[in-house]
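Engineer: Take a look at what TrEMBL says about it:
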TRANSMEM  18-35  transmembrane segment
DOMAIN    20-491  domain 'Major facilitator superfamily (MFS) profile'
TRANSMEM  111-130  transmembrane segment
TRANSMEM  142-161  transmembrane segment
TRANSMEM  167-188  transmembrane segment
TRANSMEM  200-227  transmembrane segment
TRANSMEM  233-252  transmembrane segment
TRANSMEM  302-323  transmembrane segment
TRANSMEM  335-355  transmembrane segment
TRANSMEM  376-393  transmembrane segment
TRANSMEM  399-426  transmembrane segment
TRANSMEM  433-455  transmembrane segment
TRANSMEM  467-486  transmembrane segment
Amino acid sequence: MVSSKKAQLFFNIYSQRMYIIISLMFGMCVMQYMRGSLGMSLTCMVNSTAVALQHTQTDKEPIQRGREILNEYTMKCNALRSGYSNMTGSNSKALNDYGGDIIWSRHEQNLLLSSMSLGSIMTMIPAGYLADRYSPVTLIKVATLTFSIMNAVFPFLAMYLDFFAVLMARFVSGLGEGFVSPSIFSLISRWVPNHEKSQAIAVFTIGSQLAGVLFPPVTAMFCASVLRWAGNFYSTSILMFVWLTIFHFVGVDSPSKSKVISESERIYLEQHIHTHNKKLHGKRPSIPFKAIFTSKPVLSALYVHFTFGFYFAMVSLFMPIFFKEVLFLNMKENGLYSAIPPFFQIISKISWAIFIDRLKRKKIITHTMGCRISHAIGSISCGLAFILIGYLSDCSNPLLTIGLMTTMAFCMGTSSSGAVTALVSLAPIYTGFLTSISSTILIFGTMMLPLMVSVIRVHGTVEEWRLVFYIVGAFTLSSAAVFTCFGEAEIQSWASGGGAKLPVTIEQAEIMPIEAKNLIQHEEKSKETDVEQSE
């Protein structure tokens, strides 16, 4: 039998909740590979030369107009680096072309990158509602299966059908993806106490960085292989099917339904988790919409998630394109350099989460203070790094850009212990709904950035990219100011589920499931005593 002391530790070999979170981490890793592989694959799918000619073409002199793209910056990069495709049969090298065979305009490319986000937005809100009331594990399975099937048929649609078919496939993938985040966070709220959530969320979200470390080189390898870019889509679908098979046996909706959890861990979790599973007054509490959407802590966390959307879209979708167009990296360098920053982010994320949770457990800092500090470090560093990348980067110093990207990713590792942890701590019984709102806002940000880039990025010059980095950096810095002023990580008074006046701090709420009646009776007796004394 597992001792009660071991049951209290998140990281130990007997911790069933740890295995649940680790399985979600690997699922998120594959999900991010499926979502982000398009950004990397586009670099070897699309014929950049043909797209440039298509963009500048006139009836009389298409080649001459195409050569107008050759500017002083491009000539300098051609002189510094070699091995790129010619625009024409001459020795002039106007573009860094990876030899793609599909002709999609830049507008179509940006539309394709946004289509999945549009699908996600349409299902996020109902996903949160369903995840709080039904089985989040079932929702995760159905959603990832849908995503996998659409991802598997993507190469066929791209090669043999038209652009609209590809666009619809990504849109349907987004419909499935919209169910994933709310369902996962609802599952976490059923398995993880508040004082462990920084560690759990750090481990779970490492899946995103793990995808960033492992798969850019793999994507580049497929692009250079016989399978070409299609191999990326086939491999991700196979990996997701394997993960689904494993998760079918590992995933359980709550500790009370698990057949392998130790009795000591089950008792410990029942004592320390205040979730929607605990029905107050025999009925499910209704969602307090007005209280949620007028809550400054909620609104500040939602704004942070909007800026996160810009960050994620920039890093996962556009950095490979930036490396190609501005840094003039070849395919293998692109894949390798894209993998370096996420590796260091994994290190900082898990170490910082353990450190900040230890400070909170020892009551050196409050939960709110820990979240504010964590987000401030990540967002300020990230915002400044984006601005410096825009100002300093060009093809003559790619290592400087990689250094700034790595520093930014390392510091951004603290952010999972910031606004993300705060949001899932504000109202545990409404976790699914709140995370569906935040995920919708985040996806809206990831959708807005490609649209903004499509307006700014006409030729793919360094000047155009510079403005993009400045805008993303400004939004990221603003999130630090907003969350530092208004962010909180304590359970809110409106999150008690109605009826009894429950404690609203995390420390009090964690004992609520066992002693709710005693606390309420104690308050009533205190009131009666006060009345008697006054008489």
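The backbone N, Cα and C atoms fix where each Cβ goes, glycine too.
TrEMBL entries are annotated by machine, without manual review.
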Engineer: Taking residues 6+ outside the transmembrane segment (233-252), which of them lie with a CB under 8 Å of any CB in it?
Structural biologist: 19-20, 23, 26-27, 30-31, 33-34, 37, 41, 137, 140-141, 144-145, 147-149, 151-152, 154-155, 187, 218, 222, 227, 258-259
Engineer: Using a Cβ cut-off under 8 Å, which residues of the same chain at least 6 positions beyond either end of the transmembrane segment (18-35) come close to it?
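Structural biologist: Residues 10-12, 116, 140, 144, 147-148, 151, 173, 177, 180, 184, 187-188, 191-192, 200, 203-208, 210-212, 214-215, 233, 236-237, 239-240, 243, 246-247, 250-252, 316 contact the transmembrane segment (18-35) from elsewhere in the chain.
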Engineer: Take a look at 167-188, 200-227, 376-393 and tell me which one has the most Cβ pairs under 8 Å to the transmembrane segment (142-161).
Structural biologist: 167-188
Engineer: Are there residues at least 6 beyond the ends of the transmembrane segment (335-355) whose Cβ is under 8 Å from a Cβ of it, and what are they?
Structural biologist: 40, 198-199, 201-203, 205-206, 208-221, 315, 319-320, 323, 329, 374, 398, 402, 405-406, 408-414, 416-417
Engineer: Are there at least 3 C-beta pairs under 8 angstroms linking the transmembrane segment (467-486) and the transmembrane segment (376-393), leaving out pairs fewer than 6 apart in sequence?
Structural biologist: yes
Engineer: Looking at the stretches 167-188, 200-227, 433-455, 467-486, which one shares the most CB pairs under 8 Å with the transmembrane segment (399-426)?
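Structural biologist: Comparing 167-188, 200-227, 433-455, 467-486: 200-227 has the most Cβ pairs near the transmembrane segment (399-426).
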Engineer: What mean pLDDT score does the domain 'Major facilitator superfamily (MFS) profile' (20-491) have in the model?
Structural biologist: 80
